[in-house]
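Trainee: According to TrEMBL, the signal peptide annotation covers 1-37. The feature domain 'Purple acid phosphatase Fn3-like' is assigned by TrEMBL to 66-184. Residues or ranges marked as domain 'Purple acid phosphatase N-terminal' in TrEMBL: 191-295. Taken from TrEMBL, the feature domain 'Calcineurin-like phosphoesterase' applies to 307-522. The feature domain 'Purple acid phosphatase C-terminal' is assigned by TrEMBL to 547-606.
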Amino acid sequence: MWCELQGWNRRASAMESPPGTTMVAALVHLLVAMTAAVLPSAGGEQPLSKIGVHRATLAIHPGASVDASPPLLGLQGQDQEWVKIGFNNPKPSKDDWIGVFSPANFSDSICPSENQWVEAPLFCTAPIKFQYANYTTTDYAKTGKGSLRLQIINQRSDISFALFSGGLSNPKLIAHSNIIAFANPKAPVYPRLAQGKSWDEMTVTWTSGYSTKEATPFVEWGIQGQIQILSPAGTLTFSRDTMCGPPARTVGWRDPGFIHTSFLKDLWPNLKYTYRIGHRLFNGQIVWGRQYSFKAPPYPGEDSLQRVVIFGDLGKAEIDGSNEYNDFERGSINTTYQLVKDLKNIDMVMHIGDICYASGYLSQWDQFTAQVEPIASTVPYMVASGNHERDWPGSGSFYGTLDSGGECGVPAQNMFYVPAENREQFWYSTDYGMFRFCVANTELDWRPGTEQYKFIEHCLSSVDRQKQPWLIFLAHRVLGYSSATFYGAEGTTEEPMGRESLQLLWQKYRVDIAMYGHVHGYERTCPVYENVCVAKGSDRYSGAFTATTHVVVGGGGATLAEYTAERARWSHAQDLDYGFAKLTAFNHTTLLMEYKRSRDGSVRDSFTVSRDYRDVLACGVDNCPSTTMAS
């Protein structure tokens, strides 16, 4: 490592700007910095974007040091462990910080230049996480000595730690640590379940460092206590070239490894299955992941207790306190904890967009899958596309914002399986017992005449309401109603052309509940149609369908939004806190919706719907079929 750092010094001293390019270089650097600063349009900045990677310099101090232990992790098969970092700096300051780098030798190659005017940065990648040197050692600025405990996950490569001065904006490398690693960095990790395209199919997706040239991926699975069978898995990955722009294509890039998906078919309804992910090496050895279990879905229309949790905008947070800046995504850990705590009472999770807020820093996708692994390995974890997964100018997204950080949907559609006909489009339907979920993609055009509009109408119209009475519409951006101030500032209460395009469909096909993320908080409307409460807001509805109830449940974890001071008549309940919704279908006639706070799991709002099949068929506003006088 020291040889490479000396090489950096020689390279830095030899750099000369081409004539007339100094001002251009400065301008491009400014644009890069501005881009990083505005990436997340709502909910704070991606913490890693605060680090001025392009401005990093060398300032190696012979008296400074960083030591990490233990040197070898995962000896008992763990995929995450706590590491202690001790460090010393003869010239400390309160702005000193520790960066975690993986691969460890982050100076082993020259980074590709973004364009002909700007030299490539000295660092080829941003750290995967960081923490200030005085986080736990309050007198560090006086003594120059400190220590940290950081949780490290297996991300297919070795790890090192570096001490920087100059704060986040002008980092100066002072010292670097020894290299540590997991015993098997390529091991299969972080399985995530998802429903397949048929009700009796479960998919298992996981990540590893094994290509198909090294090993064959598979899942060993079966009914608990009976003979286990093997199912093959397909393998995907993606490259830097598939990213649309910075930072995903530059300092935020990190090799995603290999993503494997297996399809477990012909499941018996409601039975418990066990499974293990594995790789058969070409020498005959098998590398196993841990054993997990799941409950097979009920038959569509089956009358049984069915419970689905729904939220948006979870993001990821670090249990060790690292990467936290200005309270970014502070609610994420609490939401995750509450779901894990109540997992025995959850059958499926629907995460409706803004999944991990990587915003172009690809290391964060591994961090997120590790965070939700206790949930996603046990129940289907279904996702939708949000602005922070998809949006990028000139990439075909409906909105031309920079919110994806140059990812333009690629990591999301590879890291998580969805039962879409085209995973790039990311809209799909899925059935769970008495539920039909129609999941839209608000980052692609949904207006009448589009392919997505046709999908939405087909999804809503093709369900048999006698068997599946509970029809739920899900989307990331608010296509219905919201009191968010950022909508109010534009003189609206929704995404432009949102409900105007879709409310006829919701009313015609009697959608019970439409749920959204994007606005970081909770809000529930009365049953509303064309801005008018068709029925009063209540905690109990019975009888014939009147109109769709719209619920914003975007408080999974990202920085909370604000609501307008003036309350619309259709706004029945609000809560500016972190939380999630839980739908419970007791039978074909009774549905319960609960909103729970993430801090303690308490129910802050709820309502029930009691409705017979004849009530579903009954005529209401703008949903009566044509009739005839013929006898």
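Including glycine, each Cβ sits where the backbone N, Cα and C put it.
Help me picture where these features are in the structure shown.
Mentor: Mean predicted confidence for the domain 'Purple acid phosphatase Fn3-like' (66-184): the pLDDT average there is 90.
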Trainee: So which of 66-184, 307-522, 547-606 is most in touch with the domain 'Purple acid phosphatase N-terminal' (191-295), counting Cβ pairs under 8 Å?
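Mentor: Stretch with the highest Cβ contact count: 307-522.
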Trainee: Please list, for the domain 'Purple acid phosphatase Fn3-like' (66-184), how many residues fall into helix, strand and coil according to DSSP.
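Mentor: Counts, helix then strand then coil: 4 helix, 50 strand, 65 coil.
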